[in-house]
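Asker: Here it is, the structure, as structure tokens.
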């Protein structure tokens, strides 16, 4: 049989994957769509590279969520599918993997699924393409091989076949017997993968991932409050175990554990140091040496600290502080009462950064997070307002940037729980769900945290990648009213903007009903785009700067509330070029 | 509220855990039974240490599988529970956590569970102890808080209360509302833990743990054979992704991937180099410098290699080869045909170790596994029998040891799939399920592999522990007909045997119906004990020797087929003393 391997099975950039597959003697590949979208090679260049290496492009995969779609959404599916057929033609491949609909909105109607697959089969047949339809083990309604074969039989279309994937088939407890009676020419593709027999259940969750109250997402407070309300007067006892605490020094774990109980009691109303009502972003502090970059970004120096070697820079509402003393990139936040937060931090056993203070200056205590992020705490006005410490120097800034949109911080895996615990217990910031992204050398897990009120956003990133050991601020993202104008201005001032691969815009056109002019406009400006609910995000990234971080500019419209996750894998790949 | 933490939540040895809890300001602890069993401190010494540190022993936990037990098994439960009450008395603690039965044999009968808890409540009341009964989220029949409260109400016993554990309660989707109406004095203990909201399902299994055919446990061959039998004539295409391949160099992954397809085709009967019919252990090769150790272990030099600086040592049927050339510890195996295995290894792209060969000597090709283990391949007799290469020197050995029982090999996490693939695809060895053990600085995951016929056993160990970076042979285990006599003899000859904590024998007496004399005999000889099905295992370990490995001696009786897993956590803790 011909030997083939999916590009998603190999690490690295696409050209590296292709060379490795050819080097090991494979006859062909499955091209993973995300690998293409993130590549700087055009589909025709990929086809030529494969031909040079003696590799057939056996399959293009996957096109998702194409059947079981509400009829009013099927037009978008046809458009998306047709766009991928164009790409396949340039690749010179004739089999496309469509996997069963995994969306919560999928409809449970095998006849509808069959009808929609047959309609796509008509489009495919015009291009000489065969669809291989695969039952994902976690498909919403079609999750077992027999169900996918049933849909293919109902479709009754020469270009619609069934795919066999050993993982999906076996993971659901089926075996070879479900293939009985399926004619070989109706099997469009065979994907093979093995897996260890693992438990993926509550027991594993409990054994490997428990964490201290305030580090996770369970309503621990509610249950404890109900237990106390019932009249329980015994101890409040932590029973936490995880891969993290098994390897951490017990002193570190014990201190975090105590903090979590102090937090829990404060949630029960037993603390004299409540959480701040709101938390807003104030400024980013960077070390000296960033002045030229700030100027190129459009920042202007507007003040000098009265007693320290520190200057204040602005671009519109964006505030950056440059510290000539040795320092890491740090974050300034604004809370209603500085003494209240300082008292809370002390109650939670967090050490204060030592800050000397001139006469009449703001208190501005600094607290260091477990991952090493310095957080300076200021008040919106009065004696504890950080702005009062600066004597005006420059002209009022002409820039049109908004404030800090979010800060991206790299956190070592074994400190993530502590970092979340810090932001949650001191500032009341709540973590969102974990998001995971594939990058060329590994993967990235992200958790965004935000307070219940106020505009501060922090995205914590754990890198699981060969050689990854970054920590600290990796991304500084500002809001922006006109990101197209900003892109033009930044280019003129020589700021290196991240180059976006052309395939990304082809994929954008497939995913959204943008006009050609709109897509061209995004491409010309080198912008990323996302849409969610009624909102839109248009954004850009600089390259990773010599200072170790990169700058993002975000134009949020219509209440868009996310971070452009759909393009993150493209950004990660582009940053490694 | 009093602040308490379970000792299982902290890493390290028990005395280190206690010091860390006290240092962080905790008022008390939950004592985890396994931590006590593996400790060299007696229960009274633990009580005194806690008193010195100002820590109350708030809870002893857990006693498992005590209710929903078939009536003829309840006598053993009573005995086990009473033994733990003795320990609790010495600890000075008055609350014991009993968790709901998670055994597949548990009976679904709340009245029986209640009756059995009440019977244990009578025993507890005599000692002033209260039972806190907890619904484990994965309990066989009692898995939700409301069910545990129902059982406690039915028990209607002053010493039987319900436990609240925030993880178990919330993990099942319940919330504070299930506590409505439960009187506080009926809640015996409150354990708190949080957790991130994670998917623990097929999708996660698929994303993070897929592997190449032959590295896992799924019947990939069966599905592929059925697909081919149906008439499918397309490519055989690998779609594997995992945390391992995302970080591995693509060349390494691609080579392993190709090997897996060659293996798969051989399983389909398309290969000219079939798997060996059986694989037996032949010898262990160690570098020079081990001669004094071998003598102390009872080995005698019986031969010299005809052309190399290598000697052969025996103790009964146990064979060790000492190589004066620089070498790592290696394994010799016996297969029916050396050329057949060599051809198979070549077909699978495994490099041969270069072996010069004297006239008339056995071929003895060596293959290096991905983790670096050298495997020499010999035949049972004839020209390829390794024994023929040695000229007899010493007297026939007087020892009574059996052959090699198993070899323990430490494998880096990211090489485990490759290592299993090697043993499976070259020698036909099949992996058993993953077992996991907690050790003071982390955890150990083990997979035992065995051929379908033949006596070779290899245990692959992945260490997840702070500072762990071992690879290679860590354990050499020999069979033995009389391990008590061997223990005495080894001690007399000055071999350092691993010291077993006294608490281990107290726990043995609680778990098995051994007489006092039998337990004393085990204790006096420093032996480990296990029982499974109708078989028994009595075994001992040396300390970790300067050579980096330790020796185990196993006396298997009545068909005992395992590795003494129930005592592994004690062995791991003792090895770190």
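Note: Cβ is positioned from N, Cα and C throughout, glycine not excepted.
Pasting the relevant annotations from TrEMBL:
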BINDING   A:134, A:165, A:191, A:239  divalent metal cation binding site
DOMAIN    A:403-543  domain 'VOC'
Asker: Provide the number of Cβ atoms within 10 Å of the Cβ of residue A:165 (divalent metal cation binding site), excluding the reference atom itself.
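Answerer: There are 26 of them.
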Asker: Select from A:134, A:165, A:191, A:239 the binding-site residues whose C-beta atom falls under 8 Å of at least one C-beta in chain B, and return them in sequence order or as 'none'.
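Answerer: Cβ contacts with chain B under 8 Å: A:165, A:191, A:239.
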Asker: Is it possible to get the count of other C-beta atoms within 10 angstroms of the C-beta of residue A:239 (divalent metal cation binding site)?
Answerer: 28
Asker: Could you tell me how many residues in the domain 'VOC' (A:403-543) are helical, how many are strand and how many are coil under DSSP?
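Answerer: Across the domain 'VOC' (A:403-543), the residues distribute as 45 helix, 57 strand, 39 coil.
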Asker: Output, ordered by sequence, the same-chain residues six or more apart from residue A:191 (divalent metal cation binding site) with a CB under 8 Å from its CB, or 'none'.
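Answerer: Same-chain residues close to residue A:191 (divalent metal cation binding site) (Cβ under 8 Å, separated by 6 or more) are A:6, A:30, A:134, A:163, A:164, A:165, A:166, A:167.
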Asker: Can you tell me whether DSSP puts residue A:134 (divalent metal cation binding site) in helix, strand or coil?
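Answerer: The residue in question, residue A:134 (divalent metal cation binding site), is strand (DSSP, three-state).
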Asker: Let me know the model's mean pLDDT on the domain 'VOC' (A:403-543).
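Answerer: Residues in the domain 'VOC' (A:403-543) carry a mean pLDDT of 92 in this prediction.
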Asker: Specify the secondary structure state of residue A:165 (divalent metal cation binding site) as given by DSSP, simplified to three classes.
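Answerer: SS state of residue A:165 (divalent metal cation binding site) = strand.
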